[in-house]
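Visitor: The structure under discussion is supplied below as structure tokens; questions concerning it will follow.
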Amino acid sequence: MERDIHPAVTDAADDIADMEVRGAATIADAAAAALGEQAEASEAETPEAFRAEIRTAARMLHETRPTAVSLPNALRYVLRGMNGEIVSELRVSVIEGAVEFRRELDHAQDNLGQIGANRLRDGDTIMTHCHSTDALSCVRNALDDGKEISAIVKETRPRKQGHITAKQLREWDVPVTIIVDNAARRYLDDTDHVLVGADAIAADGSVINKIGTSGLAVNARERGVPIMVAAQTLKFHPGTMTGHTVEIEMRDEAEILPDDERAEIGDVTVENPAFDVTPPRYVDAIVTERGQFPPESVVTLMRELFGDYHANEPWER
Ligand SMILES: O=P(O)(O)OC[C@H]1O[C@H](OP(=O)(O)O)[C@H](O)[C@@H]1O
């Protein structure tokens, strides 16, 4: 079955695993697009073969990175919409499902941005961690509303996604100060809002985001700086409603300690978790396309959105 998988899928899977394509929403978008391309190019002659091919493609995409729940949420959306008696009907349903998913994602990000922008006042300084398109949508909308926003950007070791955030903000003419992650507490005194994204939101309102978010949130709370998480409902983790926990990705040790530096030091253990969990009590608001929520209340919306969720995923069948 593997041989029928289109290069668009294998390339997307490689790019996601290597983080050439990264960020929870962008990963979901790329995965849906890849399924659409698989459907378009499929040479399957029977409905069974077509379905099996799409499921294999979805599985391949699913196995790339474990934490951002937007990825399985995207795959589930497209696979649940796969309908038809004959190959041509199935093909159209997958192509249209992928297009519709990507359109909804864009709308959600824009709606969320308008809501998040309302929390920002003219002249505010935000502090960011990592690079989040959902978080940046809030800034973009605030700028469009005529507000002046400045940013303190944490560089975000080890992969320095803060540079991507800084570049985007500078393209929008936002004044940017880049700091090392360890300087965050000092600069919270100059910060009006901590604004971060999320890779997954658990049913209890915990926020799973780039490693370092939880420490930032604890420090911000101690300093009295509000913490706003921009996360479209695509980031809600349905499995956490039934007691599953969110797997935290452990990445390559060489991202932290390259082999030559390691050889200098000697025999050490290196741990490189990509994400951490911020408990709901350190988060002031989760901003979604459906409105802003105190973290403890997201479970109500999750039940509404994922009421029919069961752990038996369509690509596992
Ligand atoms: O969906 P958007 O808001 O773009 O990004 C959400 C999150 O995805 C990123 O993870 P990584 O850099 O892929 O490990 C960051 O943790 C960021 O906050």
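The first residue you see is number 1, and the count goes up from there.
Note that Cβ sites are derived from N, Cα and C of the backbone, with glycine treated the same way.
Quick paste of what TrEMBL says about this protein:
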type     : residues                                                  : note
ACT_SITE : Cys130                                                    : active site, proton acceptor
ACT_SITE : Asp199                                                    : active site, proton donor
BINDING  : Arg22, Gly23, Ala24, Ala25, Arg65, Asn209, Lys210, Lys235 : substrate binding site
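I'm curious about the neighbourhood of these features; can you describe it?
Guide: Annotation note: Cys130 (active site, proton acceptor) sits in a coil segment as assigned by DSSP.
Non-local neighbourhood of Asp199 (active site, proton donor): Ala24, Thr67, Ala68, Val69, Ser70, Ile208, Asn209, Lys210, Lys235, Phe275, each in the same chain, at least six residues away, with C-beta under 8 Å from its C-beta.
Within its own chain, Arg22 (substrate binding site) has Ile16, Gln161 as residues 6 or more apart in sequence whose C-beta sits under 8 angstroms from its own.
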Visitor: Round to a whole number and give the Cα-to-Cα distance in Å for the pair Ala25 (substrate binding site) and Cys130 (active site, proton acceptor).
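Guide: With distance taken Cα to Cα, Cys130 (active site, proton acceptor) is 14 Å from Ala25 (substrate binding site).
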Visitor: Should we count any of the recorded positions Arg65, Asp199, Lys235 as near ligand 1, judged by a CB under 6 A from one of its atoms, and which?
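Guide: Within range of ligand 1: Asp199.
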Visitor: Let me spell it out: for each of the binding-site residues (Lys210, Lys235), count the other Cβ atoms within 10 Å of that residue's Cβ, using every protein chain shown. Which one has the most?
Guide: Lys235
Visitor: About how far apart, in whole Å, are the alpha carbons (Cα) of Gly23 (substrate binding site) and Cys130 (active site, proton acceptor)?
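Guide: That separation, Cα to Cα, works out to 9 Å.
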Visitor: Would you list the other residues of this chain near substrate - those whose C-beta lies within 8 angstroms of the C-beta centroid of Arg22, Gly23, Ala24, Ala25, Arg65, Asn209, Lys210, Lys235 - in sequence order?
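Guide: My list of surrounding residues reads Thr26, Ile27, Thr67, Ala68, Ser70, Cys130, Ser132, Gly197, Ala198, Asp199.
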Visitor: If you count other C-beta atoms within 10 angstroms, which of the recorded positions Gly23, Cys130, Asn209 is the most crowded?
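Guide: Going through Gly23, Cys130, Asn209 one by one, the largest Cβ count within 10 Å is at Asn209.
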Visitor: Which one of these binding-site residues, Ala24, Ala25, Arg65, has the sparsest Cβ neighbourhood, judged by other Cβ atoms within 10 angstroms?
Guide: Arg65
